[in-house]
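**Q** According to TrEMBL:
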| type | residues | note |
| --- | --- | --- |
| ACT_SITE | GLU297 | active site, proton donor |
| ACT_SITE | ASP376 | active site, proton acceptor |
| ACT_SITE | GLU404 | active site, proton acceptor |
| DOMAIN | 23-137 | domain 'Alpha glucuronidase N-terminal' |
| DOMAIN | 144-464 | domain 'Glycosyl hydrolase family 67 catalytic' |
| DOMAIN | 466-688 | domain 'Glycosyl hydrolase family 67 C-terminal' |
| SIGNAL | 1-17 | signal peptide |
Amino acid sequence: MIFVYLFLSLLAAVATAEDGSRAWLRYAPVPQADNYRSHPSSIIALNSTKSSPVYTAGQELQHGIKGIFGKQLGINGTSNSRPAIIVGTVDAYRKAYGNFDEADGLEEDGFFLSTEGDNVVIVGQNERGALYGAFDYLSRLAQAKFSTVSYVSNPHAPIRWVNQWDNMDGSIERGYAGPSIFFQNGFVVTNTTRVAEYARLLASIRINGIVINNVNANVTLLSSRNMDGLGRLADAMRPYGVQLGISLNFASPQTFGGLSTFDPLDPAVDAWWANITDQIYTRVPDMAGYLVKANSEGQPGPLTYNRTLADGANMFARATKPHGGIVMFRAFVYDNHINETNWKNDRANAAVDFFKDLDGKFDDNVVVQIKYGPIDFQVREPASPLFSTLRKTNTAIELQVTQEYLGQQCHLVYLAPLWKEILEFDMKADDRPSKVKDIISGERFSRPIGGFAAVVNVGTNATWLGSHLAMSNLYAYGIMAWDPAAQSEEVLGSWIRLTFGFNRDVMDTITDMSMKSWPAYENYSGNLGIQTLTDILYTHFGPNPASQDGNGWGQWTRADSFSIGMDRTVKNGTGNAGQYSPAVAQVYENINTTPDNLLLWFHHVNYTQRLKSGKTAIQHFYDAHYEGAATAQTFVKQWESLQGKIDAERYEHVLFRQTYQAGHSLVWRDSINQFYYNLSQIPDEAKRVGNHPYRIEAEKMALSGYRTYAVNPFHTASGYTAIVTTSNSTVGTATANVTFASGTYDVAVNYYDLIGGKARYELSLNNRTIGQWTGDLEDKLGHAPSIYLDGHSATRITFRGVEVNKGDILKIVGKPDGIEPAPIDYISFLPPGVAD
Ligand code: GCU
């Protein structure tokens, strides 16, 4: 009996485990469900075979209603059981019930939903649309939105894809949630359960295509074993209406096919691609198409043969056209060996320079996929000028859900407001309203296709993206690709309700944190349009402003002792401002009309330049970094206020990340401020920069088995110096007398957590252990950590409410492990409420 009871409770626990795998599709019971009287008693899924999204819709409705109302509805195919939820396509609905006038208002993938009358009616323009309607209905129920509705919903654009940057070996480029769900050890996976689950998630936010492999594509995807695998993946996703696409390597005919060339105008190459494409379509008859990164960052492309990018794109277009496929051709083409000593050189000019003369030369089934800004997913960029340059070419915007330059899912950054700014930006082409969202939909320049792509990079981690809160970005991406007019905060609200339930405090707190998160991150990473000041030569995570300059990558800041910023004006600079339409160009050309948040993107100014706020640029830097990091500290307190209001599993998981972010935001703040202070020698008016009254520097403690270490970059260590054990087997001890007044403090230790070792630490006061920990963030955080002491590995642990007496002996014992020499930077004694 006890066994049965245990077994049952275990089952219940498993059924409700909040590990994030159910994301926003939890279908948890809702409050006031009893008020919802008109529960239909059955589901009628019209005309559906098992692989049809309409069949899936029936299953999903059954599953969702069971979860929300605890009521098991039968699914039957007959058209006369009432009241029912009827779901099907326009055609099937007409066959079963006769007229359907609303069909006229439906566009491809659109749906009609009505809860008027006895029945709930969900009719899709196509099968996929029917499934979207079912998900929409369930989303309403799961949010306790029970009012009667009747409406048509159509997508803003036909292309709503995600890109995965998964490699054949199972790793994921810029992925922060574990290995690939698509590939393992060089091959397509055999178990597609998780692939189907991902497709389900994507369908619920109306994503209709997915490119499953890295844009830096591996030719072995084209082996017959892997092509068979593609068939398997497509089969797993088809019931969700998610079409498969793949990235191609331009040189495949040569490196994989054994031809002597990959020249796109060589008939043998053309024939090779046509043949490969036919083979793939035999396995995946409804393949969405190809994605191609050519002549970019070392990837092969048509320029090798003096052919144009359009020649290259059209070669794939010819191969896919007979199958109805499309070619997403990336505009991310630039020379990564440009010379910074030439003031006029500018990577931001590259896309327009490469593509402007090709407008009108791309086949109709080619879509040029353009990153939102001219450089590379930075914390702030203006909209890419290419959006208004291409008028006779289909275009799509490329966004990034995976937070490559925005904290790699270890920092909370809700991205919808960033995307909104770009999508709503008016490019003013020909002085006519030309919002980016209306250009990419095809509307503004009357193009037949266009839309959205976002790099997502989910992995095998139960949370999908490695962080529960980061999932708001995936949700928002889908919702905004369908309807860019949706408001960031409203979308967030729906996501919170679906993910965490109805508690008002939970709603208010997560909303507040999320809406503050992008500005906070911008404040402590890189502001005034200077880009994310991260290490662009290494992991793109922690601070390293010097890495931006002095190399050919072109993410330059041109910072020297007096001045900073890229002069992109036409009159003195790189001419980039002139790539915009005259009405926009004139705003950016003039320093007085350029918004402060893009000042250093377009202008090179002295540090003492006055902003519109009246502050100097440098003082703004200092203040913003302090403000941003201070906001990140409040996220921890805000999250803690939700204890008991959220399940323990997700509460703890998020708390860990918020605590990490709070610590790392201080690393960012101090590092960037110290760097620019050193460079400019202009002191912070508030005297904070370089002045840390609560710290005991590790290098100033009495050391045994430890030695000092000059950290590089220097500004990623307080006082530029840390301590490391004298060998990788020596236990180190650092001691000091506490000189602060007796009282209660939060004691924080800044240390470096390297990949390749799990050092152990013990902190004590007068031999009273305050805390012990292990340097194992590489296991817990999922981002690409560092093998060095730097801004990526720098981190902090805090022990709260510690009783301290003046004169106490502070001791840290560090036990190295692997390559990790138990490195420590400093220890802070923080009076209540002080952020360091
Ligand atoms: C960024 C990113 C690369 C990626 C590239 C791309 O530079 O760091 O990993 O391959 O963008 O979008 O092609």
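Cβ from N, Cα, C; glycine included.
All TrEMBL annotations are machine predictions without curation.
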**Q** By DSSP, what is the split of the domain 'Alpha glucuronidase N-terminal' (23-137) into helix, strand and coil residues?
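**A** Within the domain 'Alpha glucuronidase N-terminal' (23-137) the tally stands at 44 helix, 22 strand, 49 coil.
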**Q** Provide the number of Cβ atoms within 10 Å of the Cβ of GLU404 (active site, proton acceptor), excluding the reference atom itself.
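**A** Cβ-Cβ neighbours of GLU404 (active site, proton acceptor) within 10 Å number 26.
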**Q** C-alpha of GLU297 (active site, proton donor) to C-alpha of ASP376 (active site, proton acceptor): distance in Å?
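**A** Taking the Cα atoms only, GLU297 (active site, proton donor) lies 12 Å from ASP376 (active site, proton acceptor).
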**Q** Which one of these active-site residues, GLU297, ASP376, has the sparsest Cβ neighbourhood, judged by other Cβ atoms within 10 angstroms?
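**A** Per-residue Cβ counts within 10 Å for the active-site residues GLU297, ASP376 bottom out at GLU297.
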**Q** Which value does the mean pLDDT take for the domain 'Glycosyl hydrolase family 67 C-terminal' (466-688) in this predicted structure?
**A** 98
**Q** How big is the Cα-to-Cα gap, in Å, between GLU404 (active site, proton acceptor) and ASP376 (active site, proton acceptor)?
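**A** Cα-Cα, rounded: 10 Å.
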